[in-house]
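Some notes on the structure that comes next.
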């Protein structure tokens, strides 16, 4: 029984153990289920963690990019700020420098304005001083100048022998006498300027141009051409018929220059310009701009020697035409040239038988002071000088030649008297010298063009012309000084006396011919 009880107890204990095992198994199963749940949760948590890590990495990358962008932007902004700060400093420094420069500039400008103001106050005195210096320079060059121009051979004269052997750069000229050999056949001359046959009209005028300003400064200027018939006087003074601007002579170029200078001074001076044009034909003065060119002017009745000096006009009773431009003067000169006396001689088929004088009068008024200046430019084309026997003229032409040579001789007398500083200068001996008195004496400035024909057949006339011109170059007008010796003066006197004797002989010959021609006069 006891063993049964023990067996029952054992069974009971076994049952309890079994129950306990079941309970343990149940608990273990439950634990396993919980572990599975935990593992599931852990797996889910790991997945979530991975998701979160992925999200975190994505956000981290995004933030890194944003941070990088931010850093770049911040760096750019900082750089821009630094540049802006530097630019600002530079601008400030530039402003300081500019301000300083402006202050210095204003100070300098003020000084310059003061200088300009002082200069403006002294402008008129400086202008007057400039005019004075210009004319003193012209006086130092000589108030009477002699320019020699050698005419080229004309078409059809090619191959002819020239008497000109040498032309120097400083006015030297050597001519050769074909009839003599060696040194005896050579003669040397010295002038202010010598132009060869190839010289252009522009080159000839370039040395004349400074005298034109003197006219507007209140001086009288005379420019004339001297030489035998056919030596090119009219070409030099006027140019060929229908000349283009390139071929203009001294007359036209001088007028053009005169108006150009007057226009350049219009801020300080106002100018009135007028023109006269006369010819001296057979010792009679004729107004070439008058509607009646056959009317001659009586200089003695007009009292030209006193009236001309007071009025500034070459011939007070001659027509005076106001002009405003070069073209105005050219039109008047064309009218005058058509009315000028011309005829044919053996030396020139279109020989000018009179002396023509174009006078341009300029009156300038100083706009500030109201004072006035008067100057005149006399452009003279002398009739040809030659021996009567060579020109082969007779009758009226012979009488013309006589008057031409007589007036040129009178011009020589006047120049000789000026060279000797004689108290009496014989201006009244010729209508030519009366008309030119205001431009030959005193402080007047005179330019003589000596025209030469280089042909061998004209040697004697050329030599006579050169001797006359050489003596003229020694004349003293006003402040211009003579550099000639006493021997030259004696030779000039001898030449003038010889010319007078020749003219007197020709006068006697003419009177004899007239007596033979008209028997009534012989009775």
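Backbone N, Cα and C atoms are what each Cβ position is placed from, and that goes for glycine too.
TrEMBL labels come from automatic prediction, so no person has curated them.
Now, the feature entries from TrEMBL:
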type: COILED; residues: 7-55; note: coiled coil
type: DOMAIN; residues: 143-475; note: domain 'Kinesin motor'
type: BINDING; residues: 227, 228, 229, 230, 231, 232, 233, 234; note: ATP binding site
type: COILED; residues: 489-516; note: coiled coil
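Cβ-based neighbour count (10 Å, all protein chains) for residue 234 (ATP binding site) stands at 26. Computed over the domain 'Kinesin motor' (143-475), the whole-number mean pLDDT of the model equals 81.
Comparing Cβ neighbour counts within 10 Å across the binding-site residues 227, 230, 232, the minimum falls on 232. Looking only at other Cβ atoms within 10 Å, the busiest spot among the binding-site residues 228, 229, 231 turns out to be 231. Summarising the environment of residue 233 (ATP binding site), the number of other Cβ atoms within 10 Å of its Cβ, over all protein chains shown, is 27.
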